[in-house]
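**Student:** Supplied in structure tokens, the structure appears directly below.
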């Protein structure tokens with residue numbers, strides 16, 4: 001009986017050393033490329049600046065064809081216009097391109113996550129003006145000049161270290177025959193070069209890594225998040241949330257007043273009138289008395305139902321007792337069109353977040369019922385970590401009005417009051433989708 005021996009892969013110490021050296025070499029090459037690429041990118045706005053300086057310092061009587069061919073023959077006004085265009089358009093555009101390239105380099109080569117300055121809104125000419133007045137830390141001009149100077153030093157150090165290591169390695173590996181007749185590289189000189197050559201070769205990965213770390217710090221300095229600006233943004237967001245909460249509470253108070261005045265109060269007033277009439281006619285016309293009492297009973301029933309609806313609008317008891325699933329399902333059952341419900345909110349969010357999610361669904365379905373005329377709707381509420389995502393979509397006519405004074409506008413304020421955000425997509429003829437994302441933590 002013949003057996004075939006099984007070959008088992010094993011890793012020897014020499015293989016481990018070889019893999020470690022290969023990984024270190026790959027990291028050194030990547031960091032070297034990144035530093036040199038960073039220098040090239042930083043020089044891009046400087047190239048635009050030098051172009052502008054060439055326009056400014058060009059002498060009409062200079063020898064040669066002139067920069068860009070014949071610019072010496074341009075009128076002074078045209079040259080000044082070229083300078084203005086270069087300042088307003090070329091410099092900001094070059095700086096913006098350099099920013100984007102730096103972000104890409106930091107992400108793909110260095111594994112850094114930076115915070116790019118926001119892109120200004122508006123037409124292209126206005127964006128150029130805004131970029132020309134860039135106030136981000138430390139500013140467009142500071143980034144360009146400081147980045148070009150610092151990256152030049154880093155790139156020079158990385159290239160010098162690499163070239164020195166390569167030359168010394170070549171000298172150590174060159175045979176005696178190649179320098180046999182050389183008076184510069186005799187045996188004693190080569191022996192003296194051995195120690196710095198070996199030291200440079202060994203230290204070059206750490207030197208380049210240190211230069212790469214300086215490059216990272218440079219990027220963080222120029223593009224990192226400004227803590228003061230971030231704090232100011234949080235303060236503005238908190239002020240806006242507080243203002244939205246006050247507006248939402250005031251709008252809710254007005255709604256309650258309106259519902260009580262137009263609904264239950266009118267019903268109860270009619271009931272009082274009917275009871276007064278029935279007291280007068282109880283001995284005169286029994287049949288009319290019966291009709292009056294029946295009408296009064298209907299008014300009482302309607303008033304009770306409106307009060308129940310009002311209380312349910314404030315905070316439905318089923319929401320507090322049984323959670324979002326039961327409360328939203330009850331809303332779906334009362335809708336005049338089929339509503340599909342998908343809910344997964346485990347663990348259960350805070351009561352205030354549940355209330356806002358419930359009102360998002362209630363207002364979206366109510367808006368669809370009153371204005372969209374859908375055949376069906378779908379409600380999806382999912383919890384994803386620290387966020388609760390509420391989506392209500394219908395196949396109605398679309399074109400929902402999200403302006404001030406509408407229910408959807410009030411809904412946006414209610415969502416903003418809990419530091420959430422609301423998005424409404426409602427193209428004409430394409431249905432309406434309301435999406436709210438609420439923080440759960």
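Residue 1 is the first one shown; counting continues down the chain.
Any Cβ shown, glycine's included, is placed from N, Cα and C.
TrEMBL: automatically predicted annotations, no manual curation.
Small disclaimer: the values here were computed from a predicted structure and weren't measured.
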**Student:** According to TrEMBL, which of these ranges is transmembrane segment: 191-211, 212-232, 233-253?
**Tutor:** 191-211
**Student:** From the ranges 145-171, 280-306, pick the one that TrEMBL records as transmembrane segment.
**Tutor:** 145-171
**Student:** Which residue range, 32-56, 107-131, is the one TrEMBL calls transmembrane segment?
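**Tutor:** Here TrEMBL associates transmembrane segment with the stretch 32-56.
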**Student:** Would you please say which range out of 76-95, 256-275 has the annotation transmembrane segment in TrEMBL?
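**Tutor:** Comparing 76-95, 256-275 with TrEMBL, transmembrane segment matches 76-95.
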